[in-house]
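**Q** What TrEMBL shows for this protein is this:
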DISULFID  CYS126-CYS135  disulfide bond
DOMAIN    94-136  domain 'EGF-like'
TRANSMEM  336-354  transmembrane segment
Amino acid sequence: QGLERTEHEGFGGGNTAWEEEKLAKYQHSETRLLEVLESVCAPSDFSCHQLLERSEEHVEQWWFHEQQQHPDFFQWLCMDTLALCCPPGTYGPDCRPCAGGPRQPCSGNGQCDGDGTRRGTGLCICSPGYGGPFCADCGDGYYEASRNKSHLVCAECYRACGRCTGPEDSSCLRCKRGWVLHEHRCIDIDECGTEMAHCRANQFCVNTEGSYECRDCSMACIGCMGAGPARCKKCNKGYWRDGAKCLDVDECTSAEEPVCTGAQEVCENTEGSYRCVCARGHVRRDGQCVEDKPPDAPEKGFFDDVTEDEVVVLQQMFFGVMICALATLAAKGDMVFTAIFIGAVAAMAGYWLSDRSDRVLDGFMKGR
């Protein structure tokens, strides 16, 4: 693709006449080779870049010295030099012909294993409907609709036919598994009625076209002849027979004595059994049914319901009482108490100015 893209390009420049005169040199130049190689691999295709790097010397050898004698680059590089590929219709290390011949491998109705590579077996992998070592015959379940010297067309038989002469249900020569041939027609075999089916103990057989299915019995049954509790051979534990049907036993009402004996327990009937649950308004804790109520909350202390604002007020009252007491003592002329009084006032003022001033100012600005 790169060679085709650059076939009519030149070096590029302003002198068109010179380019046209030198175009032949561009065709075999290193510049063109580099332009082609830059677009060979996608940026994220690591394996392509790896292969190109390994083959770089061969590519340059062909470009500068071999392309006149070997114009087919794929043939020279992939088949002759690297020996990675074979011509179409051949396979393996020696490029041997595929089954059916290299011109039309597998009669055109399949694929040769390893075709065009140095690998494979050369055997035919036939397309659906075709068979034989060269895919020249119709496969099982197909018949020959038309044939000439070069082509074969196979069409599908009636679904029950393994071999046939046409598409009708009366043209069967052999039947598929699960069917029996009768006057060129394939009749379904009833595996359930002929005891050819193999189902497990607690299953029953259902005939299908060409086969059968095993389905589980009802849980009311121990062995059954069909679906539902009316087809049981024997009733399961927890059920009782009423005519042809196996019905659930209500253990909660049929028992002479209570089946759930725990405190605040009641019986709940289930299919084939029962269970003991807690009465309404009760829950099971540690295996016992207890009243469903939140656990007792611890008694509140005297100050548990006090809010933060109330705490601040109490602090202010405490500081106020202390300051009044100190002021009374300071008024008597005691220098020690006077100093303590002045310190307490300063501390109170600092507390208000530092911790509360921002909220006081904010409230004042908002007109509170």
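Backbone N, Cα and C atoms are what each Cβ position is placed from, and that goes for glycine too.
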**Q** On a count of neighbouring CB atoms within 10 A, which of the disulfide-bonded residues CYS126, CYS135 is highest?
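**A** Per the Cβ count within 10 Å, the most buried is CYS135.
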**Q** For the domain 'EGF-like' (94-136), jot down how many residues DSSP puts in helix, in strand and in coil.
**A** 4 helix, 11 strand, 28 coil
